[in-house]
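J.: Okay, here's the structure, questions in a sec.
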Amino acid sequence: MRASWVAARKGQANVSQLHFARQGVVTQEMDYVAKRENLPESLVMEEVARGRMIIPANINHENLEPMAIGIASSCKVNANIGASPNASDVAEELKKLELAVKYGADTVMDLSTGGVNLDEVRTAIINASPVPIGTVPVYQALESVHGSIEQLDEDDFLHIIEKHCQQGVDYQTIHAGLLIEHLPLVKGRLTGIVSRGGGILAQWMLYHHRQNPLFTRFDDICEIFKRYDCSFSLGDSLRPGCQHDASDAAQLAELKTLGELTKRAWAHDVQVMVEGPGHVPMDQIEFNVRKQMEECNEAPFYVLGPLVTDIAPGYDHITSAIGAAMAGWYGTAMLCYVTPKEHLGLPNPEDVREGLIAYKIAAHAADIARHRPGARDRDDELSRARYNFDWNKQFELSLDPERAKQYHDETLPADIYKQAEFCSMCGPKHCPMQTKITDEDLEGLEKSLKSKGKAKLSA
């Protein structure tokens with residue numbers, strides 16, 4: 001679809017959506033997004049130009065179906081997949097991608113760290129994906145020197161970053177906000193640094209006694225990104241990994257740097273979103289969202305969860321979806337899903353499904369709470385189907401039709417029960433929705449009360 005769109009742009013010094021928007025140009029991607037989001041083209045262009053919306057759309061990802069991340073668009077969900085040195089292969093990752101797209105992932109991140117040819121799995125994922133693909137390039141940078149922090153140099157980082165752009169990666173998590181002066185702030189934490197990328201950069205700075213190379217070479221990265229229209233996802237290396245560490249000095253110091261980097265990227269006309277926590281008590285979520293908007297000039301916020309309690313391993317898709325719904329309500333643009341395997345192991349395809357459905361619920365609930373036009377239409381349609389005992393319509397409108405039908409059919413499997421005016425919860429005689437109050441019923445009741453000298457029915 002996009003091959004003809006991007007053909008004329010290739011070779012230009014800057015092909016970013018932000019660059020075109022600031023020139024007053026509505027690209028085909030902006031037009032496509034406007035139709036998907038039911039927004040005016042002019043508003044999409046203005047939001048992209050302002051930096052409040054991004055359209056991650058690498059010119060080399062030609063089978064991409066463009067989408068938007070920003071406060072003016074619907075709340076989005078990202079799904080993480082990826083192979084590790086201990087598990088998975090290319091076929092398994094493609095199966096996860098297929099499931100992620102099927103169950104509504106708006107973007108997918110390939111977080112592969114080893115165990116496969118990283119270029120092979122990434123290229124396969126990009127070629128198969130209609131949604132934007134994100135990566136964390138420091139993983140492959142370290143893998144390229146066989147895990148040796150000592151041998152890892154600045155050029156290794158930039159080489160891998162450009163390779164990902166060439167392959168068609170739409171956004172990259174760049175951990176440029178972690179500075180050497182932030183490291184002492186970590187000492188008082190309960191769980192230290194929990195970001196893998198942040199941990200790699202911290203080790204690099206401690207060994208080489210030099211500033212974070214992703215910070216010192218940030219302008220060089222911007223020059224790379226604008227040639228491909230790759231977007232920044234500014235990584236939060238110091239995100240809290242437990243309730244105890246939420247909103248601490250380390251997290252907020254890095255956030256301030258991320259705000260400065262946002263402006264530097266914008267100066268190059270490069271698109272930016274900013275990553276956020278993590279593990280945050282419910283009473284601190286609004287503060288975290290507002291603080292990011294303030295420090296980062298309303299660049300789209302992209303949060304992992306946040307988890308609102310730390311005591312439920314195996315159920316962290318639930319503990320985090322609670323926080324995600326709240327974060328989305330307060331203005332977060334994209335939610336990174338958490339699966340039941342979080343903190344325990346690499347997710348399998350069923351974990352991907354469970355995590356995604358939990359987060360589609362959270363994002364949809366946020367859109368309703370934000371009074372996004374049309375957000376509740378599907379809810380109302382399903383409710384009408386429920387009231388009319390239209391079981392097949394209910395299944396069709398569900399976020400997970402297969403699960404809804406499976407649960408219904410466990411007790412009432414025969415097709416005849418798809419026309420029944422009850423389910424197995426209440427049975428045929430006790431379903432309250434069988435009580436239909438008509439105008440004739442109310443007229444008769446009104447007359448009866450009047451004849452008995454009783455008070456009128458309330459309006």
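Glycine too: its Cβ is placed from the backbone N, Cα and C atoms.
I grabbed these lines from Swiss-Prot:
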{"type": "BINDING", "residues": "Asn80, Met109, Tyr139, His175, Ser195, Arg196, Gly197, Asp236, Ser237, Leu238, Arg239, Glu275, Tyr302", "note": "substrate binding site"}
{"type": "BINDING", "residues": "His279, His343", "note": "Zn(2+) binding site"}
{"type": "BINDING", "residues": "Cys423, Cys426, Cys431", "note": "[4Fe-4S] cluster binding site"}
J.: Looking at the binding-site residues His279, His343, Cys423, Cys426, Cys431, whose Cα is closest in space to that of Asn80 (substrate binding site)?
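T.: Minimum Cα distance from Asn80 (substrate binding site) across His279, His343, Cys423, Cys426, Cys431 lands on His343.
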J.: For Arg239 (substrate binding site), which of the listed binding-site residues (His279, His343, Cys423, Cys426, Cys431) have their CA atom within 10 A of its CA?
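T.: Hits: His279.
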J.: Do any residues at least six apart in sequence from Ser237 (substrate binding site), in the same chain, have a Cβ closer than 8 Å to its Cβ, and if so which, in order?
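T.: When sequence neighbours closer than 6 are ignored, Ser237 (substrate binding site) has His175, Gly177, Leu178, Ile193, Ser195, Gly197, Gly198, Gly199, Leu201, Ala202, Glu254 within Cβ distance under 8 Å.
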J.: I want to verify one value. Collapsing DSSP to three states, which class is Asn80 (substrate binding site)?
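T.: For Asn80 (substrate binding site) - judged by DSSP and reduced to three states - the answer is strand.
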J.: Under DSSP, is Gly197 (substrate binding site) part of a helix or a strand, or is it coil?
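T.: Its secondary structure by DSSP: helix.
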J.: Taking the Cβ of Tyr302 (substrate binding site) as the reference point, list residues of the same chain whose Cβ is under 8 angstroms away and which are at least six residues distant in sequence.
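T.: Counting only residues 6 or more apart in sequence, the Cβ neighbours of Tyr302 (substrate binding site) under 8 Å are Ile69, Asn78, Ser233, Met273, Val274, Glu275, Gly276, Thr332, Ala333, Met334, Leu335, Cys336.
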J.: What Cα-Cα separation, expressed in whole Å, is found between His279 (Zn(2+) binding site) and Cys426 ([4Fe-4S] cluster binding site)?
T.: 40
J.: In three-state terms from DSSP, label Tyr302 (substrate binding site) for me.
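T.: SS state of Tyr302 (substrate binding site) = strand.
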J.: Could you list the residues of the same chain, at least six apart in sequence, whose Cβ is under 8 A from the Cβ of Cys423 ([4Fe-4S] cluster binding site)?
T.: His408, Thr411, Leu412, Cys431
J.: Over all pairs in Asn80, Met109, Tyr139, His175, Ser195, Arg196, Gly197, Asp236, Ser237, Leu238, Arg239, Glu275, Tyr302, the listed substrate binding residues, work out the largest Cα-Cα distance in Å.
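T.: Farthest-apart Cα atoms in Asn80, Met109, Tyr139, His175, Ser195, Arg196, Gly197, Asp236, Ser237, Leu238, Arg239, Glu275, Tyr302 are separated by 20 Å.
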J.: Quick one: of Cys426, Cys431, which of the binding-site residues has the smallest count of other CB atoms within 10 A?
T.: Cys426
J.: Tell me which residues of the chain lie with their Cβ under 8 angstroms from that of His343 (Zn(2+) binding site), as long as they are six or more apart in sequence?
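T.: Result: Pro313, Asp316.
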J.: Counting only residues 6+ apart in the same chain, whose Cβ is under 8 Å from the Cβ of Tyr139 (substrate binding site)?
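T.: Sequence-distant Cβ neighbours: Leu111, Ser112, Thr113, Leu118, Arg196, Gly197, Ile200.
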J.: Please give me the CB contact count at 10 A for His279 (Zn(2+) binding site), counting all chains in the structure.
T.: 25
